[in-house]
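Heads up, the thing below is written out as structure tokens.
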Amino acid sequence: EEKWDFVLVSDIHEVGSEKETKRKKFLDELSKKGFTIKKIEDKKLFYGVRAPRQIFQKYQWLLRNPDSRLQNASAHHDIPVTTRIRIVNFILQNTITSDLERLCDLMKKRVFEAAFPLHEKEEVREFLKERWARWRDIFSHQPIEKIRCYFGEKVALYFTWLGWYTYLLGIAAAAGLVVFVAGITVFNSSQVSKEICEATDTIMCPLCDQKCPFWLLSDTCTYAKSPHRVSLRPLLAPTATVFLELWKRQRATVVTKWDLYRWDEEEEELAMELINNLQHEPQKYQHSYFRSTIILFLVLVMIAVLIGIAHGLVIYRVVATALFTQSDSEFLREQANTMAVMTGAVLHYITIVIMTKVNRRVALYLCELEKPRTFSQHENSFTVKIFTFQFFTNFSSLIYIAFFLGRINGHPGNYVRIAGRWRLEECHPSGCITDLFIQMAIIMLLKQTISNVMEYLIPWMSHKLHKKWQRPKKRRMMLGEEEEAEDPCKRQWLSNYQLSEVHAFSLFDEFLEMVIQYSFTTIFVAAFPLAPLLAFCNNLFEIRLDAIKMMRLRRRIVPRKANDIGIWLQVLEAIGILAVIGNGLVIAITSDFIPMQVYKYTYSPCMTENSTAVDCSTGYINHSLSVFRIQDFEPHTKVPEMLPHLEIKECRYRDYRNADDYSYTVQFWHIFASRLAFLILFEHAALCVKLIAAWYVPDVPKSVKNEFRVRKHNNLRKELSTMEYSTEV
């Protein structure tokens, strides 16, 4: 059976047309370089391309250190198939016609429709299809070596990283589940939840201006017992640092086994450029301050747009709350705040889906303006920009809920209003962290269900429909052209062409999806301790989903050599820093952890009365509520009907304000100072943990260092022995 490195696909153009001429010029350039080209005509034109043996001999000679293990070597392939495909792809992409056009230019002009390496019927592929790319193998170990043999080191490192991340997620998920269960156990019997549930005479102020009644604090009894209020969550914050340190060790072990630890990407790039064109001059590094300034300005404008969208979501929740409170449905009126948060979360998910496509186009445009020197630089630049945009798209609304919701809306009698009409929304009656918990839960569930289902169904349905439409046409051609039907390449090329297209950033999309998920599971894990559990369950399916897409539904991805996950490591480091800051802010500002500790050690009966017979949290709820006289309501507010059998002159609200002039109390400033002090201590303690972990867990295991040392020793001994032998002779 003939082996072909690449297949080019083109429409059948008229003889003498511009497209036909351009196609001929490109194929002629390949022929001059010694490529063998085979043409098969169907509804499209297929050109099989095979590089001459001399190209790969030059590659081996220039680098002097070819791949140490032959992956799927045969009489036709004296170097690994992945290396062969990578070199041929580089030459195809950098072959220039007499019109100064490259393959990418010709594809934009529709001279060529597609260019892809083939999924061939080989042993390693059948093994991966049967033992890896199946749902039944969801709990099985990944055959990383086989993945490397078929898809190259970059894809193998992605699955190594994803498997390692999922493994450690299992530990974090167990810890989060313990925190969740502990919350149910502890808060069911805690003094704070007991006081809330027994506060049947504590009348709270209305949550909106129209049709919102006075309500009793005891109505929030169920939420008071919910586990997201537990104070064990600081223990989950350092997981990001530990994960990265352990991954660095795992990565060093893996790439050492592949003989790629000291691999030089730039050297390989220069070698392939010279193989493609001996007269090639190396591109020099360039930097333009003017261009960088323009790009920075445009990035800031895009970030401002994304923050503006987050403001739009805030306005939606404000208006939705007002509309729900005026509804004829009693349920909507009573649950107006919760309904506004939930529908706002769904709307946030929709904006994430839409803006992801917009962000990609903007990031690609900015990369074109930047004019990076190589594909790797282009990929790194694109990664930084798209992650920045995606971070603000995913987290702007969450940041508002975590740190601003309920803190900038004023107080009864003096609310902050939008357009002088709609007052800013308040936190959930049980506290602001409930809003963050609900938002996180909805977004993560939607992202991990709808997105994954669509990610699988779209290429699967496209593949099935494409095969169904092609089959009858193919059968007629087989009957009409017996000679072509006998060509063994035709069926294989057609079946590969019918698969979904892959592009240069196909693997990038998988990385981005997982890194955004990593952000969710680390930055706000203090508010949503079940995030690691949801991520763990998702990743068990994600690994097999990606495997099935790569093996069964998509064309073969062009293998790329790598000894690390690239700039994604720096992105993960940045997320680790943001996780420390974010969790510190959630604990200090969003949760009731600091106010409760201040009360226990300053204002509680344990301190003021030296009483040890009572719980130190006794009286905290009453202490955290301020008093408002209903006669001071604004004209915008329609005073609701009184509760049955009660004449209400005052109501309570969550804040620390004086009852006479509504100014902040001494307790407010005490808590404010304590929040800042805790935040500073927490950040410094987390930084110390990060530094200690980096010192305690070396990036490179001693076994790897020893292996390199022994290898150097043996090489020097061999050289010395050779020299002495030649001297004696």
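Placement of Cβ uses the backbone N, Cα and C atoms for every residue, glycine included.
Predicted automatically and left uncurated, TrEMBL annotations should be read as such.
TrEMBL has this to say about the protein:
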{"type": "DOMAIN", "residues": "81-144", "note": "domain 'Anoctamin dimerisation'"}
{"type": "DOMAIN", "residues": "147-708", "note": "domain 'Anoctamin transmembrane'"}
{"type": "TRANSMEM", "residues": "164-187", "note": "transmembrane segment"}
{"type": "TRANSMEM", "residues": "294-316", "note": "transmembrane segment"}
{"type": "TRANSMEM", "residues": "336-355", "note": "transmembrane segment"}
{"type": "TRANSMEM", "residues": "382-405", "note": "transmembrane segment"}
{"type": "TRANSMEM", "residues": "515-541", "note": "transmembrane segment"}
{"type": "TRANSMEM", "residues": "562-589", "note": "transmembrane segment"}
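Averaged over the domain 'Anoctamin dimerisation' (81-144), the predicted model reaches a pLDDT of 90.
Outside the transmembrane segment (294-316) by six or more residues, the chain places 344, 347-348, 351, 355, 359, 362, 366, 369-370, 385, 388-389, 392-393, 396-397, 399-400, 418, 424-425 with a CB less than 8 A from a CB of the stretch. Shown for the domain 'Anoctamin dimerisation' (81-144): DSSP residue counts in helix, strand and coil, namely 33 helix, 3 strand, 28 coil.
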